[in-house]
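First the structure, in the form of structure tokens, and then the observations on it.
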Amino acid sequence: MSFLTWPFFLLIPAFVLLHLFVSPYTKVEESFNIQAIHDILVHGIPTENSDQFLTSNYDHVSFPGSVPRTFAGALVLSGLSRPFVGLLGDMAQAQLLIRAVLGLLNAASLIAFGRSVQKAFGTSAGVWYALFQASQFHAIYYASRTLPNMFAFVFSNLALRSLLLAYTVPWSTSNISGYYRLTLYLLTVAGVVFRSELAILVGTITIYLFITRRISITNVIIPAGIGGLIIGLLCTVPLDSFFWQSFPLWPEWTGFYYNTIQGHSADWGVSPWHYYFANALPRLLLNPATFLLCIPVAIMNTSTSRRSLDLLVPLLSFVALYSFLPHKEWRFILYVIPGLTAVAADGAAWIWTRRSKSFVYATLSLALLGSVLVSFAASTAILGISSLNYPGGEALHTLHKETGHPDRNHFSVYFDNLACQTGVTRFLESHRGPQTVLDVLEARDTLNSRTWTYDKTEDPDALLDPMFWTKFDYVLAERPEKVIGSWEVVHTVYGFGGVRLLKPGEESGLLVEYSDTTEEKVTSQDKWASKVAATWHGLEKLLRNGLLRGYWAEIRMEPKIHILQNQLK
């Protein structure tokens, strides 16, 4: 890769880390892996009395979820992070480190794919790929999040890299079959271990390569299929049978059977067939120029159409086939985004290299540059809003920093469901020092001498027992009226409450909507929320009346988590 292109490719890891530090907390979808990593790092892996040890120390035994998940990703991340965890003063910082490791792995895989784009389509296409990819939101924001999809994302990016490199090699070259086999190996292993939907992508790529006579059944398909299946099963079945204490256990097959064959995925909602094409793909690509201009240009030009279709046909076929499943989420098709971005980069490069030939190409080139800048701005704005969706993490952070009696050093805390879903993890419970980047910068090492115990009981009968609540000093609750006993709201943590379109003449409201459960007037307990609000109001003054002719999108903040203190203690 040319030295001059490195700054563009390094935008990808830089923005991954930026998104991580601005939004350091996690949500319920990430909870299995982040809790598993914590338990492996803190408690280790038992060598005897494993059933009793796991029951006593591991979160997944108490909160198993609807289907088992693989420990493969958690084990790898804990192994990669362990040498550095001891250098940190706090397990909350370790959570940032672990997410940074995953984010950098995904960034490295995106760069590796970008290098193959540069080799296949040229240096200009490589630069445009880096700009388009770095300015997207979802791939960058979720690169560091411990969803099973993001572990699989590393493999799918490397698989697409191998596929694209195979397209650059003459058909007569002996090692071309090796590239195709590696593509199918990687996708098969990722599908077996992490995400079963990748089986469809394996199928569409295999069928396309077979129809175009690039691979044979005996030389590529059978070796890659059988080899990938065996490697994947060896990675997951022994490991997960041990951690779940159930043999034999193949988590992805269990999840596939439960969600797809038994149809339980529809319990989470259904979407129309066209959802992925009409909604998810445009949101994932973010920049309208990529799918309205660049991809059509790449397809229609004879010099770029063949190599573009070689990527588009199997990737979009995967999306089309997967669209027949009723339950749809954007993360199920995230794997195709780097490939579509590569095709868009090819089209953008074709326009860019002709910018000096005519006024039309020059105008389009300027428009492309402008679209990238707008995408970066939009992605940054979405980042600011998304960071406000973790009131559970913010509430626990606030509890550790600002509450407690000076003459006591042990406290018992209860978390309700919303707190657990929006940021509370075992890493944050193990609090011994600065918890966020802002704390480190402000030298806020808090409450080192205090100890905490936590409870996440979900039993409805227990929650209706007044005696249950007497043992707690604090409660993090969405609805304080459901907490039995004598309690005082000492803090209210606000979170994102939606966006309202303001028409010309309409005044923007306050940052927050005050809670009826307390008389305290709290604008926000979180400094970052206040900074986001101040920035947004500044942009309103700058853009609303001039550029946007009086229209504006107002961000609303609502009370999400109330920190309650027991008045009888």
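Positions of Cβ are set from backbone N, Cα and C atoms, glycine also.
The transmembrane segment annotation in TrEMBL covers 6-25 (among others).
Here the transmembrane segment (150-170) has long-range neighbours at 33, 72-73, 102, 105-106, 109-110, 112-113, 115-117, 119-120, 139, 142-144, 176, 179-180, 182-184, 186-187, 189-191, 193-195, 198, 201, 205, 214, 307, 310-311, 334-335, 338-339, 342, meaning same-chain residues at least 6 beyond its ends whose C-beta is under 8 angstroms from one of its own. The transmembrane segment annotation in TrEMBL covers 150-170 (among others).
Residues annotated as transmembrane segment in TrEMBL: 182-210 (among others).
Per TrEMBL, the feature transmembrane segment maps to 217-239 (among others). Listed by sequence, the residues of this chain that lie at least six past the ends of the transmembrane segment (217-239) yet keep a Cβ under 8 A from its Cβ atoms are 70-72, 75, 177, 180-181, 183-193, 202, 206, 209-210, 248-252.
The transmembrane segment annotation in TrEMBL covers 284-302 (among others).
Residues 160, 163-164, 167, 197, 200-201, 203-205, 207-209, 212, 260, 265-266, 270-271, 273-277, 281, 295, 299, 332-333, 335-336, 339-340, 342-343 of the same chain, all 6+ positions outside the transmembrane segment (309-326), place their C-beta atoms under 8 angstroms from a C-beta of that stretch. The transmembrane segment feature in TrEMBL is assigned to 309-326 (among others).
Outside the transmembrane segment (332-352), and at least 6 residues removed from its termini, the chain residues within Cβ reach (under 8 Å) are 110, 113, 117, 121-122, 124-129, 132-133, 136, 138-139, 142, 149, 152-153, 156-157, 160, 164, 195, 197-198, 201, 276, 280-281, 284-285, 289-291, 293-299, 301, 303-304, 307-308, 311-312, 315-316, 318-319, 322, 361, 364-365, 368. Per TrEMBL, transmembrane segment is recorded for 332-352 (among others).
As annotated by TrEMBL, transmembrane segment applies to 359-385 (among others).
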